[in-house]
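J.: Dropping the structure in here first, questions after.
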């Protein structure tokens, strides 16, 4: 039974056969795209065993750098969005107001840093894994540690983003959540392992279209039914949900201008500059210019989705402004608000619920497919230099990376059963992404900009960044579960609820405030983990060097000298070992903003002409 804001009691609505057909068509098309690219790749390779070594693995992981700008940009957007965005952010707006509208615009602040420092760096280094740099700059075991930490975060995150649409489907159909999760994982693992990067990119493109279509249809129809945008605005205004600019400098405020602008800006720099999911996309196109254009397209698309989810949250509140479903006991979690709204207001229009759930699933599937491919890339790179990898043929290399993707898909599926204990979807997802990505960005800062940083400092910094901010995340969730107040939602009303639900209506009670550090907004986690990683890394590196000098022992030499970015109006200079220089030089430098290579501070003879570019 579902209570409406008009005081009546509505029967719960389930999927019609048309809804099932719409939803099933999305899954079928996704699977067919993967099957097409898998079969097409096999036909092209049939009877051939030439080309560069392990080219099949390159095809699976990066499509050998032959993808177009627009499809990869849409794939980046799909992988970044996830189902958590579509379900979690409207719930956040419903509970805490529309401050998250700045999220999209904050992403533009990452373009100068990522576009002109990190993208040229990754493109010229030709890394399969972003974290290969840690192995060259510091040590292989630190690379392994970083890859392990990223894997832990990613498999949990992937479980989270597929649990969200499963929750939506359970809400609108009553089907068992575990069964739905199983079906989704079967589909996504199938097309990811069969078709590789090309299948991931093209299914992402299709799923982005479904996502935008479903969101737009729901928002337009919902606005028309409620009486227009004016009604939505007036009801939010009367309930104190019209504050788009909270200028408070208190970091314990959940959403402020400073947190949503600068905190989220550092989060985007971390994700687009140091996260394997996005870094791998830069390698799927041929030029640095294409990669930069991808970044622009991605930020525009992300901003549009943010504005749509903010309006969705305001629209949902306008519907239930006098009968909060959470206080009335109709829902157990805020993340169920959007599915409830769709079935309550659009359930009579066959096809709308199916389209909505297809959009939610599309976002979740695209993120998981991207994640599985990226995890395979990281651990394929971890095998560099091993006898096993060197002995593999092209065909066996392709099978190996597919097996890695399959393994991580199964592992993520196993972890989906802990998701119900994680709390709200949006803050948990943002927290996980923030402190891991911020710490990895801190490692790049240590290696690139601080020449005297060493392995001991980098390892200590990474442990501090992940450990301390991870403690804040877990501690805040534990305190919230114990009834302490971490963040206080905006007031809601139950005055318009049906008398049938009167016995279960409760007043919102504010418990004892949690410890102040547990109340720091998760929007600051990325910046905080970055500062901790760099700060601890610098201190430990200095202490390490001082200890060796004070004892008269010679400090161990690193495998690589420190690569240092020295931005200028023309180029960015890197100092590194000769072997790496040769790798960078083999394709030349045709981009005026490209990386200019120096070996031990001197420009090699073969690059002397590159000074003019």
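Any Cβ shown, glycine's included, is placed from N, Cα and C.
Bear in mind that TrEMBL entries carry predicted annotations, made automatically and left uncurated.
Straight from TrEMBL, here's the annotation block:
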TRANSMEM  20-39  transmembrane segment
TRANSMEM  60-81  transmembrane segment
TRANSMEM  101-123  transmembrane segment
TRANSMEM  144-166  transmembrane segment
TRANSMEM  209-233  transmembrane segment
TRANSMEM  255-274  transmembrane segment
TRANSMEM  295-318  transmembrane segment
TRANSMEM  355-379  transmembrane segment
TRANSMEM  399-419  transmembrane segment
TRANSMEM  425-449  transmembrane segment
TRANSMEM  456-474  transmembrane segment
TRANSMEM  522-544  transmembrane segment
J.: Counting Cβ pairs closer than 8 Å, which of 144-166, 255-274, 355-379, 456-474, 522-544 has the most of them with the transmembrane segment (209-233)?
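T.: By the under-8 Å Cβ criterion, the transmembrane segment (209-233) pairs most with 355-379.
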J.: Three or more CB pairs closer than 8 Å, sequence separation of 6 or more: does that hold for the transmembrane segment (101-123) against the transmembrane segment (522-544)?
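T.: Touching, no - the transmembrane segment (101-123) and the transmembrane segment (522-544) miss the threshold of 3 or more Cβ pairs under 8 Å.
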J.: Considering only Cβ pairs within less than 8 angstroms, which of the stretches 20-39, 60-81, 144-166, 399-419, 522-544 has the most against the transmembrane segment (255-274)?
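T.: Per the Cβ count, the answer is 522-544.
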J.: So if I exclude everything within five residues of the ends of the transmembrane segment (60-81), which remaining residues of that chain have a CB under 8 angstroms from its CBs? That is, six or more out.
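T.: Long-range Cβ neighbours of the transmembrane segment (60-81): 128, 196-198, 200-202, 204-205, 207-208, 211, 271, 277-278, 280-281, 283-286, 290, 293-295, 297-298, 301-302, 305, 362-363, 366-367, 369-371, 373, 376-377, 380, 398, 401-402.
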J.: Using a Cβ cut-off of under 8 Å, list the residues of the same chain at least 6 residues beyond the transmembrane segment (20-39) that approach it.
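T.: Apart from its flanks, the transmembrane segment (20-39) reaches 183, 187-188, 190-192, 194-196, 198-199, 202-203, 206-207, 210, 351, 354-355, 357-358, 361-362, 365.
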J.: Let me spell it out: take the transmembrane segment (355-379), skip the flanking residues so only those 6+ beyond its ends count, and list any with a Cβ under 8 Å from a Cβ in it.
T.: 19, 22-23, 25-27, 30, 60-62, 75, 78-83, 85-87, 128-129, 131, 147, 150-151, 154-155, 157-158, 161-162, 164-165, 168-169, 172, 184-185, 187-189, 191-193, 196-197, 199-200, 203-204, 206-208, 210-215, 217-218, 276-277, 280, 339, 342, 346, 401-402, 404-405, 408-409, 412
J.: Pairs of Cβ atoms less than 8 Å apart decide it: which stretch in 144-166, 456-474, 522-544 has the most with the transmembrane segment (399-419)?
T.: 144-166
